Each structure stands twice: as structure tokens, then as C-alpha cells.
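Student: Checked TrEMBL, it gives:
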DOMAIN    295-518  domain 'Histidine kinase'
DOMAIN    545-659  domain 'Response regulatory'
MOD_RES   Asp594  4-aspartylphosphate
Amino acid sequence: MTNYYHFDDQEKKVLCDIPSPLLVMQISHDGFRLLLISRGVEKFFHIPHDQAENFIMRFNENPKRVIHQDDLIYLYKASQHLEMHPEKFFKAIIRLAPEHFKETYVNVSGDFQMRGHTKLLFLHLSDITKQHQSLITASQTSDHLSMLLNRILFTTQTCIFWKDTQRRFLGANKAFLDYYGFAGLEVILGKTDEEMGWHINPDPFKNDELRVIQNGESTYRVHGTCIVKGKVRDIVASKSPLYLNGVIVGLVGSFEDVTADYQQREEINQLNQALVRSLKNEEQANKAKADFMARMSHDMRTPLTTVMGLSEQGIEGADSEHDRQLFDQIRAASGYLLSLLNDILDVEKFDAGKMRKYDEVFDLNKLHEQVLNMVSPNALKKRQQLTFTPSPIPHQPYMFSDCRWLAQILINLIDNAIKYTPLDGQVSWQVRYQDQHDGRVMVTYTIADTGVGMSEEFMRHMYEPFSQAMNTESRYATSTGLGLSIVKSAIELFGGDIDCQSKLGQGTTFTVNLPLDYASVNQVEAFRQKAISVDDHLEDLKGKHLLLCEDVAINAGIIINILEKYGMSCDHASNGQEGLEMLAHHHYDAILMDIRMPVMDGLTAARTIRETNQDIPIIALSANTYKEDIEKSLEAGMDAHIGKPIDKRELLETILTCTS
């Protein structure tokens, strides 16, 4: 029979008064026996103080009332082990009996002491139920995430793989195995790409993997080729480092088969190999595209200058009405080609986000008058009634905005109305103003017609480039389908908006709202001083001596013919270098400088002239007339910029302005 240990009164009182949960047990070959509990245990188990001894007695009679049966077995075995092999520290996690306590997990830890031949265990209790539940939840979440990850890896169509720091395969997903036709992972585990032998040129893949593993970099869509089921395929691979405790332990990667894309790209390369080889990156590609568009503009406008100039001279010198009509048809056709070229270049500029406004002072009333004069002949040919109804401008007609684009918007919309309105139809153009009280005015244009109208289906995409409605009237109209696309983009450039109301067979109404800035007093004064009427000052042109730098002889001849007709003389240089040599030996009132020329271009020539001569007017002649082109000319030291094909009136006005 086991003798149970008895504490003296003082030690018992000290132990029982401890506020934290403390159990004192005696261990023997029979198991363990509870000797006393602290005040903390009374609170832990909600035991009234006067029932403490009763709790100890009931516990010793049947521990299963307090401790979960499975954990009680563990405690019995542990006590037997301690009895045979005394240790200094004991620790365990047990559950309380579910019949008497809600699900509770308790951390039990204590010190082992020998009192003579008696073995005592002082056990401290702490409730870890919440921590345990959190751990269970985290474990369940981890299991769920692991299952989800496995599911994603199994179902995703992207080929995914992971490797160790020696670039040996550790695993791959189903899409990877299916792509190569492998039955299982054992084919690739522990092997490198080179050992698999599926890359004709393994260097791109090897190098980017070494960057990932050695430098911790991530690579994106590195291109290479591989052999899959006996065929060469193009793939792009992306890879990132795998970390464990802050140390790189491998890499994870994915790849896509882009064979179809590269085959298509190769076809394009064969069509334009010289261009593609120069496109090393996106910036070079954009620059090459811009250079190509600029050169195309120059190369197309140069012969157009010739055709339009010669047709103009032909009209003036024709001996019969028949000849005049022929030359007029040539001029009209070349004018149409010029408008197509302008439309294509404008669409490209808008698509590239490079189109900008070029604000300057202009008279809005005169702009309206010029637009009306330009569109009226087209309406007259179709016997249409074209009405223009303007409202009074609130303050002044002088605006500071982009008059070129404003005119283009109006011309496109009114010309469209005329084009798609039958013979004897009606086209109206109304203008209304609403003062914004911030130095701005909202101008509302309404262009309405009694034409063929548009279907709802077409209206949903009418602002897209190359959109055209297929109807009876449009079959007889010549159009690229670029007009409305350009109009909408230009309106957005102003910060305005456009609305369309139309029904098939009942006509169309466009409403455009454009915010315009009033020109300041100083701007208006400068504009008035600069504005010169050619008709009133033709005599001032006589006797002026000009230098023309132009590499195309026939175009130079046309310009010289215009100058001589108005009493001016002109020397011709075929490039900028010749122009500099002629300027060194002769006096000129102004220089007409083509931009694109061999030997020395116009911009370089202008900069060279400005190094020694700051006064002589230099007027740029260029096929490129966008804001950035004009700015380049002005930055090079030129005084003005005229677009090709050369407009005779603009040429004469510019010479007058620069030499007066």
C-alpha cells in the first residue's frame, strides 16, 4: 500500500494560495494521485473554495470526470515512466472530459521533485483552447490552399515547372507533361534541360535560369525553341526565384507555345526584313514607324506638288475651255489624293497619341466664311440648298485655338452631309455660342441634312476607322471611311463632344460642342499687325530677290514660275550646302528652304545660317505640317513653315509677312 505525502500546514497554505492554476501530484508504481490544488485551479475549474477537498477526492476516485479518457491513458503511462525514470521537467497537452466540460485543451507543464522517497510533480495549467483552434483552422486552411494549388496546377493550361539551384527538375504540372507527351514526372525528375535534349539552342534558357538562381532576378517571356514530339516549336518562358527562409532554393517557371505567332511574324519579316532588323526595341519600332510615315508623306507630297502646280499653271495658260476642264480635273484628282494622304497620316497620329493642338489667333467669322466658300461648290453641283445660320459672337471673333483642326472638323461634317444627300436635298449649318465667363466660349455646331441617314447598326461603330455604311447613295460616293474617326478624335483634342441623331432614309443631324479660348488683347493686336492682305500688297513683292533650296527640279521650277509671275527673281540651289555657298556670295531678301534634301538638309542649313546671319528671313517648305514639324523648323531658326503641296496664296502671304 502506497503512503501518501503530507505537507506541513505552512507549505500547504502557501501552495493552496497560489493564484495561478497549480496541481501537486504524487507519482508511484500505482500511477498518480492528486494531493492538493491552488486557488488558481479552483478558479480554472469554477470550484467553490469549500468544495476543493471534495474535488480532489472525486478526482482520485475517478479521474475520467476531469480528464479525457484517451489523454488519461497517456498520463498513466507517463507517470509510470516518470516513476521509473525521474526527470526534472514534464510537459503535455491534454483535453478535459467532454461529458463535464466543453471542448477544452490544457497545456500541462511542471517540475519533478523528490521528497525523501516520494516523487512529487508540480503541474501548472494553462487554457490553450483558442490557440489550438487557431492552429486547427490554420492547418485546415493550409490543407485547403494546398488542395486548391494542386487543383490549379492540375487544371491550368499554362505549362508550369520548378527546379533546384542546379537547374534540375523537381516537379511540373499536368499541362507541362501533356505538352511534351510524358506519362509521368519520373521522366524529368533530377534532370536539366540539356540532359533532356529538347532545346536546339539551350543558351537563352540556361542564361536566364542562372540569372534567376544567382542574382534573384525574374525573367519574362524569354524566347527560344524546343523540340516537341519531333517538331521544332517556339516558346517564351518566364521564371522567378524560389525562397526558403530568405535563401534561394530554386526557381519556378512557366512557358507558352507561341509558334503560330512567330510564324506570322516571320511572314511579316519576309515582307519587310530591312525594317524589322532595325527594330531592336519598342522605342526603335515607334521611331521607325514615325520616320516611315514622315518619309511617305514627303515622297507622296513631292509629286503631288508637281501635279497640282502644273495643273494650276495649265488652267491659267489653257487656250480652250476643254483644256481648262482637263487641267481642273487633274487638280481635283490630285486634291483628293492629298486629302486621302492627310486622312491616313492624321489617323496614324491619333492612334499613336501624338496628335496635338497648334493654338494660334484667328478670326472665327472669317474661318466660317472660308469653310462655307470651300463646301458651297460641292452643294451647288448637286443642286442642294446649303444654309448657314450663325448667331452673334458674345464678345469678339478672335479666338486662340487650333484653327486648322476646327476647319477640318467642319469641312468633314458638312462635306459628308453634302455627299450623302441626294440631288436637290437640303443641308443646314447652324452656329450657337454660350459664354463660359472664364475667357472661354462654348461653340455649338449643328449640321443637318435630308440625306440617306444611317442604320442603328452602323451608328454603333461609325467612329471606327474605315467604317462605311452600305446603302444606295454611298455606293456612288468616294470615301475611305476615315472622316468620322478623324472628326471624333479631333473634337476630343479640343475637349469637346459630338452627338449624332439619324434614321435610315430620313437624314442625319450632328451636334458638336467645342470650347474655344478668346484671344487676349495683346494677342489680337499682334495678329492684326501681322495680317497682310496679298491683294493689297502685290506691288510690294516686285523686285524681291529670293534663294530657293529645293532638290526636286520640277517643283523648283513651279515655285520659281509663281515668284517670277509676281515680279520676284529667284536663284535655285539643289541642297542646303549649295544654298550656303550661294548665300555667301549674293544678297537675298528671303530664303525658301526645303526640309528633306540630299547632302545637307534644310534644318541643318538653317542652323548654320543663323550662326552668322540672324536677320535674313528663312521660310521652311515641308511635306510635314504637324505641330512638332513646325516647332522643329522654328527651333532651327526659321521664321515660318509652309506645307506641301505649296498653296500659292499662302506662299505669297508668308513672303510678304516675313519681308515687310
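Counting starts with 1 at the first residue shown.
Placed from the backbone N, Cα and C atoms, the Cβ positions cover glycine too.
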Student: Note the mean pLDDT of the domain 'Histidine kinase' (295-518), expressed as a whole number.
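Tutor: So the average pLDDT across the domain 'Histidine kinase' (295-518) works out to 82.
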Student: Please report the number of other Cβ atoms within 10 Å of the Cβ of the residue listed as '4-aspartylphosphate'.
Tutor: 28
Student: How many of the residues that make up the domain 'Response regulatory' (545-659) does DSSP mark as helix, as strand and as coil?
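Tutor: Within the domain 'Response regulatory' (545-659) the tally stands at 53 helix, 24 strand, 38 coil.
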